[in-house]
Structure formats: C-alpha cells, structure tokens
Amino acid sequence: MEEVQYFLRFFLFTHFTLGENQGGRWQYQASPPTVQCAIEKALTKITHLDRKELSVVGAGRTDTGVHAWGQVAHFFTPFNYDSLDEVHAAFNGLLPSDIRVREVSPASPQFHARFSAKGKIYRYSIYNSSFMDPFLRYHVYHSTYKLNAAVMAEAARYFTGKHDFTAFANAIRNDRVRDPIKTISRFDVTERGPLLELEVEGSGFLYRQVRNMVALLLQIGREAIPPDIVPEILETKNRRELAKYTKSTPPHGLSLVSVKYNEDHLKLPSGCPPLFGS
C-alpha cells in the first residue's frame, strides 16, 4: 500500500508546576519526557506503528521552558483515513493537558516540517510593572525596571536585514555556529498596557538567538546602553562581546508563534480527506 504523509499543527502551554509537563522541549529523549515523546506515544496508540515507522519530524527545536503556539510536525502512516476527525479527537484525548493538536491534514509528498519551512515567528513577552500578574507568571518575563519601548523599537530595527548573527548565538556542545547568516524581515516592539511584546520574523534563528537579542534590547530599554550598540556587536561576530553587556533572558517569556511554508507544499494530494481542525 502506498505510504501517506500527514502534517499536524499543535500548540502547547508550559506549566512548570504540573508533574506531567513536558517542559517545552521538542526533540526526542526518553527522560525527562519531551513534546515529541508525547506526540509519538499518542501516535503509536492511534496507528499501532512504532516511532521509527512514524518518523515524526518537527519544524525545529524548542528549549526547555519555551512555549509554542504554532509548532509543526509531520509523520508517515500507510493508512489513508476517510476522516481525520476521529484521529484529531483521539490525539487530544491521549496527550497531556499542556499539549493540544490544533490541526491535522494530509500533506503533499514533498512536504517536510523542517526543510520546507521558509520562516518562523517568535514572540517574547515582558510584563513591565513593579508587581507581577500571577496569572501570567509562567508565560511572561517580569521586568521591574521601567522600559523605554521607543528606544527598544529603534534598536530592534538594527537587527532587520541580512546579518551574521554569530555574536547572538550560543554554541551547542562547544560546536562552531553553523550557517550564522540569517535574514530578519521585521522586529516589532508593541506595548499593551504593562505588557510589552517583542515579535520577530526571520528566515531562521540560531540557538538562543532570539533570547540573546531580547536580552540586549532590555538593557537598551533600561537606557543602560544606546541603541546603536546593536550594529557594533553584530560587526564583532563574537559572542563574548555580547556577554559584556548581558546574558540570555529566561525561556518562559518566549513562544514560537508560527512556522511559515510555501502554499504549494500544503496543497492536498488527490484522494485525501479534506482539511479540518480547530
């Protein structure tokens, strides 16, 4: 029987106090359990296939503590379901409460959750007040310093365009940064009362790049350093230069908002059930 590929979109909320929590980390590991592990566990029960047969692949990694509204993954199955509604319901019935599948749909044969992606959007949320809203404490970073959003927005514009972001990337296991040239199309700073949202869209991001950029913008927002420090640090291509001014912000303020794809890769193959989802 011909193999059919499906892709799924899901979101997760990370609640650090829950014993079942996956911590926000996507990539597979047996202990502690990860989001991919939970997805695969549910899929094996639904399809009766093992994880190697399913070949679940995510659009990218998320670190422990990072949230994702729009993570994307694909998997393979030899079954062509008449309706995906029951599959969708079964998924969410088997997953822990902090992970929910938003959408399940057939994907074109050439679709790949990671390699077909043409861009990603991340948002870092900051609660800028002398006291913290307890209902938001697991999803936003608390800054008691009064931040100047205007100068942060000015500094954020220096990040847009095509740059070598080596200075804003953390190496993994002492490896050299791979392909440090990335393009950022926008970096918006929006005030919503005490909530400050920093949303960045780009072709791709290096390990901890977003959290490092936000960390520098926080120092600029506190008016400890000027906005034009951004191009100076970029030019050095040296992570140690950034370390002179700041360290990475905590992960819990960061969310993967969405992964962008070419529409051709999302067109349904002939004979597949229609798209559905919440």
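Each Cβ is built from the backbone N, Cα and C atoms, and glycine gets one as well.
Summarising the annotation, TrEMBL assigns active site, nucleophile to ASP63. Residues annotated as substrate binding site in TrEMBL: TYR122. Marked as domain 'Pseudouridine synthase I TruA alpha/beta' by TrEMBL: 19-115, 155-262.
The predicted model assigns the domain 'Pseudouridine synthase I TruA alpha/beta' (19-115) a mean pLDDT of 78. Shown for the domain 'Pseudouridine synthase I TruA alpha/beta' (19-115): DSSP residue counts in helix, strand and coil, namely 27 helix, 21 strand, 49 coil.
The residue listed as 'substrate binding site' counts 23 other C-beta atoms within 10 Å of its own C-beta, drawing on all protein chains shown. Taken through DSSP, the domain 'Pseudouridine synthase I TruA alpha/beta' (155-262) splits into 37 helix, 32 strand, 39 coil. The number of other Cβ atoms within 10 Å of the Cβ belonging to ASP63 (active site, nucleophile), over all protein chains shown, comes to 16. Reduced to three states, the DSSP call for the residue listed as 'substrate binding site' is strand.
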